[in-house]
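K.L.:
The structure's right below; bear with me while I get my questions together.
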Amino acid sequence: MKVAVLGAAGGIGQALALLLKTQLPAGSKLSLYDIAPVTPGVAVDLSHIPTAVEIKGFAGEDPTPALVDADVVLISAGVARKPGMDRSDLFNINAGIVRNLMEKVAATCPKALVGIITNPVNTTVAIAAEVMKKAGVYDKNRLFGVTTLDVIRSETFIAELKGLNVADVNINVIGGHSGVTILPLLSQVKGVSFTDEEVAALTKRIQNAGTEVVEAKAGGGSATLSMGQAACRFGLSLVRGLQGEANVVECAYVDGGSEHAQFFAQPILLGKNGVEKVMPYGEVSAFEANARDAMLDTLNADIKLGVEFVK
């Protein structure tokens, strides 16, 4: 099993690489790429950790050597949010980065499962899909927008609010991966009830949690460590699916035939071909139905921006 991380010298990429080095199955290969010259050194640093995961780092303009024979590709390359920016401000820089990297993925490892972390995910996943279509290698079951950070934040905040063991909290987060498009289905959380006020406040906190971190870091960065953990969880789930493990389910932003938008985050069953099945996200409350319907204009505009960027 070979996993490639593109953008591996950044804040998310280094955290993700560390977690993968310690948690990938024995015998796996981990390949790190970044344009920054420090990247081979990041790999050397991580290579001193005693786990049975072989690691190599590549720098420079061309990610191709890192991508050869990759089974899973996780893309975190791009610029991070600064105070006052929202995820869409990142579009101008990150759109081109994702397009260029995906052209190399299409040419080198078109059958790999690709997880897009680079924001704005609502748009960058659409860009990735269009690049793969242009190359004639698009498989909607092998492309994912990584929305796991919204899930782990929801789990954490619910457990804190209700005094629960966080390991017992399971929640679906649907829609997209920015602002109002992030919709935690709080009504479905088992064994707990929320007041209307709690639902409104918790939903807003989950939607704005990225900004909470950006402001707390006072210009010194964005959510890199929690995102690294979220990306590792999702990447390991992709690997477990590829290895034939049963019942591996994660929420992700996929081209899954949703009635709501071309790309939509909801629970998916993972397997040897990536998406084995898009799962129904279940019954929702009136609050959630309204929030879902209200987000669709924003979500569809984000998707359209990505499609048009490639055309």
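Placement of Cβ uses the backbone N, Cα and C atoms for every residue, glycine included.
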K.L.:
Which candidate from M132, M227, M279 does Swiss-Prot annotate alongside G7, A8, A9, G10, G11, I12, G13, D34, N94, I117, T118, N119 at the NAD(+) binding site?
P.N.:
M227
K.L.:
Which one is closest to M227 (NAD(+) binding site) in space, judged by CA to CA distance, out of the recorded positions R81, R153, H177?
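P.N.:
Going through R81, R153, H177 one by one, the closest to M227 (NAD(+) binding site) is R153.
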K.L.:
Looking only at Cβ atoms, how many others are within 10 Å of the one on N94 (NAD(+) binding site)?
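P.N.:
Around the Cβ of N94 (NAD(+) binding site), 22 other Cβ atoms lie within 10 Å.
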K.L.:
Could you work out which of the recorded positions (R81, R153, H177) has its C-beta surrounded by the smallest number of other C-beta atoms within 10 A?
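P.N.:
R81, out of the recorded positions R81, R153, H177, has the fewest neighbouring Cβ atoms within 10 Å.
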K.L.:
Given G11 (NAD(+) binding site) and N119 (substrate binding site), what distance in Å do their CA atoms have, once rounded to a whole number?
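P.N.:
Their Cα atoms are separated by 14 Å.
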